[in-house]
Amino acid sequence: MLLESVVRDLDFTIVKGNLDVKVESIAYDSREAKNNSLFIAISGFVVDGHDFITKAIQKGSTVIVVEKDIQIDSDITVLKVPDTRDAMALIGANFYHNPTKDFNLIGITGTNGKTSTTYFIKSIFEQAKRSIGLIGTIGTVINNNVTKNKNTTPESLDLQKIFADMVEAKSDNCIMEVSSHALSLKRVAHSSFNMGIYTNLTPDHLELHNTMEEYFEAKAMLFDLTSDYNIVNADDEYGQKLMKRIEKYDTELITYGIDTKAEIYATNINYSFEHTTFTVQTPKGKFDVKVNLPGKIYVYNSLAAIACAYCAGIEVKDIQAGIRNVEGIKGRLEVIYKEDDYRIVVDFAHTEDSLEKALTTLRPYTKGKIILVFGVYAPGDKRGLSKRRSMGKVAAKYADFSVVTSDNPKEYDPNLIIDEISESIDEETSSYNKVLDREEAIKFAIDISEKGDTILIAGKGHETAQIIGKEEIPFNETEIVEDFMNQRAKTRERAR
Ligand SMILES: CC(=O)N[C@H]1[C@@H](OP(=O)(O)OP(=O)(O)OC[C@H]2O[C@@H](n3ccc(=O)[nH]c3=O)[C@H](O)[C@@H]2O)O[C@H](CO)[C@@H](O)[C@@H]1O[C@H](C)C(=O)N[C@@H](C)C(=O)N[C@H](CCC(=O)O)C(=O)O
Ligand SMILES: Nc1ncnc2c1ncn2[C@@H]1O[C@H](COP(=O)(O)OP(=O)(O)OP(=O)(O)O)[C@@H](O)[C@H]1O
């Protein structure tokens, strides 16, 4: 593609060279630069992409896009823009022929419930025979092929490529999780969203956003990018705030809730561990729904999906079947071992709110004790302290016994992280133990458990690796529990 087309609608100045250059590929990492590529220099959190321009040129880049004044001697084209992250989103959209204009793009944001809601939406759309791609924490799904993403919401250039792949695969719809990082770091800039869905807002990622207000503003940005419908949880305090923020927009606002009467709301809710049934009231009438997951959180998540399907004009029978067909979601209150009323459950809860919700959801179905195995995934320095303390408080309040262990310590000292969580628990109760190694922590929890207990292994959910230092170490909680239980059964058999 000619550079002139690649930079269409971009705000830039030509530092040197001209626009009559053929661009064969685009890179934001010098290691990915190829012959006749355009390299975009991003000022990162760790390093500065402007320091890798020479490397990119050595690898064949012939166009460089910068946001800083940089001396470049090579005989190439250099463009300067106010913000290279924003420029990358527009350049990506241009290079891949604006794929989001060719399908119905639905974005979902909020602290918790995004992944689960996307799975309900996907199932409903498929039931209605509408093709749909998915982008989120579990990966990208196109025609049921799953590929992993580095981030929940990929970098803008990668995202535009995924959108283009979806258009090529003839997906008419795309449901994607939009993280607050993505909104702040312009990963979804220049994408045309038809619908935006808001779930809830509770403390998380404050190392990037500093305050809840900043965090809210980041999430709210999604609703500046939507054209047709905004779907908002009316029971959520920040949802109410969002509704006020967007009330003047032309986009139609559809609310959902349980405690607040909203456009889409649930009544007659009946809970059991295996499933929840309720009646949904909509402006066009009511119908019954069955969700195969326990607790109020999955009523919310299915309501968000129902509101989305309602806006898309999907028939009631397809909505009902679509929700019912979701048998369970990997790593979301997933029972990985069961013997009578004894259960071992894996859940992706990794914030104070989700941990509280997971523990309170399990409580009514636990005859004995709830034993919680958890760590905290947050920067191991001062920035992660409040998360460690508040998750410690939740554990002390809602679990009967906590085994404090490592989550993804990354480059931080896991012992310090565990000590800080434990200090917070210790202010309330002495019912906890520290076990550094996560596998040993799981085994310890099983060893101290009794009939009727529930063990909740929280934090990693569907993940199959632990990040220690810079290494990703395979770590599969389901396999660890299965192997350990098999071994125990054999040992007991031999002892008889
Ligand atoms: C804080 C954050 O979001 N960081 C993202 C950011 O990294 P960064 O700005 O620190 O990049 P950097 O390492 O300083 O490098 C700067 C630039 O130099 C380039 N470079 C670097 C080295 C080199 O040799 N050559 C070169 O050109 C890099 O490619 C980059 O363009 O840009 C990178 C490239 O796009 C992202 O991969 C990276 O996500 C990291 C891995 C991350 O952990 N992000 C998390 C916090 C995140 O985004 N999470 C959200 C929310 C998840 C949730 O729902 O909870 C998500 O959407 O995943
Ligand atoms: N509506 C909800 N409100 C509060 N907590 C929830 C809700 N739905 C799910 N959870 C809890 O949050 C955890 C993560 O859920 P899910 O993966 O759906 O959220 P997410 O928003 O995609 O999270 P992430 O962005 O971190 O991937 C679940 O394992 C569960 O413990």
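Don't overthink the numbers, they just go from 1 along the chain as shown.
Heads up, the Cβ atoms here are built off N, Cα and C, so glycines get one too.
TrEMBL labels come from automatic prediction, so no person has curated them.
According to TrEMBL, the protein carries these features:
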- G110, T111, N112, G113, K114, T115, S116: ATP binding site (BINDING)
- 23-81: domain 'Mur ligase N-terminal catalytic' (DOMAIN)
- 108-309: domain 'Mur ligase central' (DOMAIN)
- 331-461: domain 'Mur ligase C-terminal' (DOMAIN)
- K219: N6-carboxylysine (MOD_RES)
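Recorded features from TrEMBL, shown on the structure.
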| residue | record | CB count, 10 Å |
| --- | --- | --- |
| G110 | ATP binding site | 27 |
| T111 | ATP binding site | 22 |
| N112 | ATP binding site | 23 |
| G113 | ATP binding site | 22 |
| K114 | ATP binding site | 26 |
| T115 | ATP binding site | 22 |
| S116 | ATP binding site | 24 |
| K219 | N6-carboxylysine | 24 |
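Within 8 Å of the centroid of the Cβ atoms of G110, T111, N112, G113, K114, T115, S116, where the record puts ATP, the same chain has further Cβ atoms from I108, T117, E177, T199, N200, N301. The two recorded residues K114 (ATP binding site) and K219 (N6-carboxylysine) have their Cα atoms spaced 12 Å from each other. Taken together, the residues in the domain 'Mur ligase central' (108-309) have a mean pLDDT of 94 on the 0 to 100 scale. Cα separation, G113 (ATP binding site) to K219 (N6-carboxylysine), rounded: 14 Å.
Residue counts of the domain 'Mur ligase C-terminal' (331-461) by helix, strand and coil are 55 helix, 31 strand, 45 coil (DSSP-based). The shortest Cα-Cα distance between K219 (N6-carboxylysine) and any of the binding-site residues G110, T115, S116 is the one to G110. The secondary structure of G113 (ATP binding site), as reduced to three states from DSSP, is coil rather than helix or strand.
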